[in-house]
Every structure is written in C-alpha cells, then in structure tokens.
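Enquirer: The structure is given below, and queries will be raised subsequently.
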Amino acid sequence: MAREFSLEKTRNIGIMAHIDAGKTTTTERILYYTGRIHKIGETHEGASQMDWMEQEQDRGITITSAATTAAWEGHRVNIIDTPGHVDFTVEVERSLRVLDGAVTVLDAQSGVEPQTETVWRQATTYGVPRIVFVNKMDKLGANFEYSVSTLHDRLQANAAPIQLPIGAEDEFEAIIDLVEMKCFKYTNDLGTEIEEIEIPEDHLDRAEEARASLIEAVAETSDELMEKYLGDEEISVSELKEAIRQATTNVEFYPVLCGTAFKNKGVQLMLDAVIDYLPSPLDVKPIIGHRASNPEEEVIAKADDSAEFAALAFKVMTDPYVGKLTFFRVYSGTMTSGSYVKNSTKGKRERVGRLLQMHANSRQEIDTVYSGDIAAAVGLKDTGTGDTLCGEKNDIILESMEFPEPVIHLSVEPKSKADQDKMTQALVKLQEEDPTFHAHTDEETGQVIIGGMGELHLDILVDRMKKEFNVECNVGAPMVSYRETFKSSAQVQGKFSRQSGGRGQYGDVHIEFTPNETGAGFEFENAIVGGVVPREYIPSVEAGLKDAMENGVLAGYPLIDVKAKLYDGSYHDVDSSEMAFKIAASLALKEAAKKCDPVILEPMMKVTIEMPEEYMGDIMGDVTSRRGRVDGMEPRGNAQVVNAYVPLSEMFGYATSLRSNTQGRGTYTMYFDHYAEVPKSIAEDIIKKNKGE
C-alpha cells in the first residue's frame, strides 16, 4: 500500500495542560471536526473518547497517552494525549520524546498553572515546538490578556497572540485572525458553521496594535523580518506566516490562540495553526542514536522511507482483545506487518504480528508503517517502553529512556489464594506498561512491595488491578524510600580469614571511604599498586561493596553518594578467592559505618500550593508543621502560590488536609526533588522501627 500522506503533510503532536484546563475536551473536538467521532463525549460526564481506561473516566483525568490518528485539510495529524497530573509526568516525558510539536492548553481564567510549568519545562528540555491554545473563553472570569501575560511572567516565553477574542464569558462570539486580519464568527452551537466577516470597526485599533506586537516578537527571531519592520516596509501574509513557522519550529516563539472547546469555538482555527506552524518530521532535527556495538559511535535516523528502519517504542498496553500492544514512533525507513525486526536495546529478534493505527478506542489494521508514522504493533513479546526497534542489519539504539526511581512504596496482599496468581500476572503486566512502577517481594517479610511516583500513581495501579485483572488486595500503609550516606571520610580495613581444614578462605582490603556529591551515586576507584590485591579480585571487591551497600549500615536502606578507594590489601596464593574478597569488602563497609558518621536521607518533594489569599496563614503553618521549608510565594491572579520543600513522609494524606484547610479551594502539585538528611530524633525512630524495637 502506498503512502497515504507525505512526510511534509504529517504532524505528530501532543496536547499538554494542567489537570483541568480542558485538554481532553479539546482533543475530543479535534476528533469530532476531523470526522473521527460522531457524538461528542464530555469529560465531566465521564465518557470521553481519549480517556479509555475506566479509572480515567471515574476520576475525570487523563492517565495513559492514547495515540489517535486524524486527518485535516489533506494532512495526517497523529495526536498523543498526555496526562495532566503531576504523578504521571513520566508518561508526559515519554510522549514528548516522540512528538514533533505540541499544543499547550491554558484555562483562560487561570493562565499558566503549576502543572503547566512542569510540563512546559519538560517540553523545553526535549526542544518541542509549541503553540498555545487559551481555552474556556466562555468561562466566568475568562481573561485572554491575563493568560498571555502569565506566559511571559511565569514561563519567560517569547509568546504573542496570533488571534484575539471578541468578547469573553457569555459574550465570547468571534475570533480575529491577526495574521490575515480577518474575523470569524460562529453561527451555530456545534461550531461547524463559521462566517468570515470584516473586523468590526470598534476592534480595528486593538487588532492593529496586537498585529504590530506580533510582528515585533517574531522579528526578534528573523533578521529579514526585522529589517522590513524597522524600515516600515509592508510585510505580506505569506512572509509573516513563514517567519512564525520558522520561529515556532526553532522553539524561539510561541503563537497564542483562543477559543472554547466545550462550546465548539476556535478548534478548527487551532487545527489550521497546527498545520501552518507546527513542524512535520522533516522540519525537526533528525534523532541521533548510537551503535549497539559501539556506544561511542553516533548514528542519525533520518526521516526517509528509503533509509534503514528505526523506531522507538514509547508505550506498552494490555488490550482486552488483542493482548499486548506496543505503541511506537517510526523515525526512519518502513516496516510491514508479519516481518521480523531487531530489538537493539535487548539484542533480541521480534516478529511483528499485526500493525494497527489507533483511534482513541477503535483500531484499523494497516500493512505498512512509514517514517514519521505512529502506530501500534501486536506480537512483540520482549519489547518494553523505551526500546529501539530496527531493521535486522541495523544496530542503532535511539537513546535509552532513563526513568526515576520510585519514591513511595506500599505493601499489597491478595485477599484470597485465588487472587495470588492473578496478582503476580497483573504486577508483571503493569510493570511492562509503566517503567516507573516497581514490584518486588521483601525477602525478610515475604510481603509484596509496590513502588511508584506518588500516592495517586499507586492508588490508580491498585485500582487497575481490581478492575482490569479482578484482583482484590489489601493495601498497607505507604512507606518512604529512605537512603543512607556517609558524612565524613575514613580509612578502614576489611579482613576475612577462615581456616577449617583443607583449603581456607582469605581476603584482605584497605579502603578509603569519602562522601560523594549529592546525586553522584557510588564511585569505586582501584588504586592498588604492585599487585598486593591481584587484578582478578578487584571486581569482586567492587561487587562486595555494592551488595553490602544495598542493605545500608544503619537501618537497612541503600547507601548512596559514597566514593570508595581500594588502596592496599593482601592475599594468599592458595586460600584467596573471589568470594573471600567479596566478604572482606562487606566487612570494610561495616567498619566504615563506625567511623564515617552515617546518616539517613529522606526524599524531599518540591510542593507548589495554590489557594485564595485568605487561607495563606493556615497553609504556611501547615507546611511548617510538616517540617517543610517555604521557598517563596507569589501572587497568581486572585490567588497565592506557595513553593516549598517538604519531606515525602509528611505529605501522606495532604490532599484531604488541604481540602479542609481551604474549603476545597486549594490545589497542589508535588514531585521528587532531592534527598536530604533526616533530623536526628526522627532518624532514631526510623532505626528503632526497622530493628523491630
């Protein structure tokens, strides 16, 4: 089957937003106008096309990025719906990796909200071009100018409107296009009938002023345009469009549009802007990977059908009908269903059963995928999130995705024997889908422990076990992932010697332990001179230290951010062995625990709380009572925002407490920021508890 849409006419976009900015409704309307849906589903009734997992429908939030394909004005638009809740920022990061552009949706009353900032930062890290859609213009208190100002003040973004609304709240009735200086008026409720009219006289001055500001903002990124602008020359519509497109693609400028998805206004114009200003796979920098056989050698995956096949798996899902679905983005080359591919990340050969193009909750079988496409494959057994798929002769790895370690853990127990096996299967499948979710069995207690990125994250996973896998389980109290580290340096000896008839065991090491920089992890240095410890035993010393560090020295938590320098030791020709040196290294660590001033570290969360000013005193008091450190405050519209660092152990149940402190008017987001030392009195309690005292 030949290519249906050329690369120039392909757009891979994501829709990013704060939790209640109307992202899902916006996606819905895109699907409605591109002819993919016949009836519109409202999120607040729990029946949206993109939110296809039951939990999402219950909670009215979007959790998994479903990939949907739609067509508009002769172009293919692949939409990846990204989650808007901060516990799911890994999902967002993962989908940003495969996008070429994004639409950031703002609430016209609130402007840029805390979660918008988080997602915006991530998009900037990955260099994703964006356009901004100021949604909910029909809402009470909607203020377009204020929303645009928050882009400047809170995100320092070079953003300018390419549209202006006429009216707001109930009076919102038309949109002025500042590029072409036209006006569009909506004449029916479904927003399918649009009338192009002249810009009303009383709005002309405002429109001309806004157009001049737009040209000025774009001219900063284009020398040609700047010359014309300074020389008062006429700038044509096509020149302005091209300059906006260039600046947007280079992530130097962000066009701002307006509308209300719920009331069906402005969505088609936003789709036009996606086509006009967001890049095709040919316009963005080609992705650079490296050779599996030689990590130093860079390889470029060029958007070209005739190139070697290379794709990145960005999402794994379990579908009740077809089993495991692997969503992937093709960067170069083509692939047909039934063919074999290589998973270069894991070094395995995989057979692609069927290829599916996904609509939010229905699917269409296809024969071939081309570069720039996003599709799902059935039949890939070993491929996980972040793996590279490539042609059998190719051995490119498209930079591995690195995922943060879980910061919160819970114990889960099946309610009955029948649930036991089902729970094991469920946990395996959920870990395949979500690399930030970990499950293991505690060796000492035999309990199954699950770990994730926040309370909501784990709540939803437990909920999914119940709904999708019919597993009833009891959930224990949340546990924090503490760590341990050394605060001072020391030189210690670890000696293991055992004689019990026949061959003995002998290993002797002298190691200098010093604190490492925060976040630098464990570093091992071999400084042995003259072979006092033979070379073949050095890896055993390092392995022995790593094993011992896993169980810490104070309360059984992993020891992190430590340097170990092996500088002396001795061995025995007959009795020395790898095992003996492993044990000697662990004895050295025990010795270091007495001299290196070990401390317990706890995860500190960056918490952003937004609430009406009158609750400020209560909230500040509450943050302090949770051992929090306030890092700054700022007014945001008619609300106040408090930024603070608070230990995770003090944040359990915070949602309920914030609700009661602010009569339900406060919101907060939090994510892991760094590890910090635990106060002595609390550390003593943790040690006692872990020793069962």
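Backbone N, Cα and C atoms are what each Cβ position is placed from, and that goes for glycine too.
Sharing the record's features from Swiss-Prot:
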DOMAIN    8-282  domain 'tr-type G'
BINDING   17-24, 81-85, 135-138  GTP binding site
Enquirer: So how many other Cβ atoms are close to Ala17 (GTP binding site), meaning within 10 Å of its Cβ?
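Expert: For Ala17 (GTP binding site), the 10 Å Cβ neighbour count is 26.
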Enquirer: Is it possible to get the count of other C-beta atoms within 10 angstroms of the C-beta of Met137 (GTP binding site)?
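Expert: By my count, 28.
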Enquirer: DSSP three-state call for Ala17 (GTP binding site): helix, strand or coil?
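Expert: DSSP assigns Ala17 (GTP binding site) to strand.
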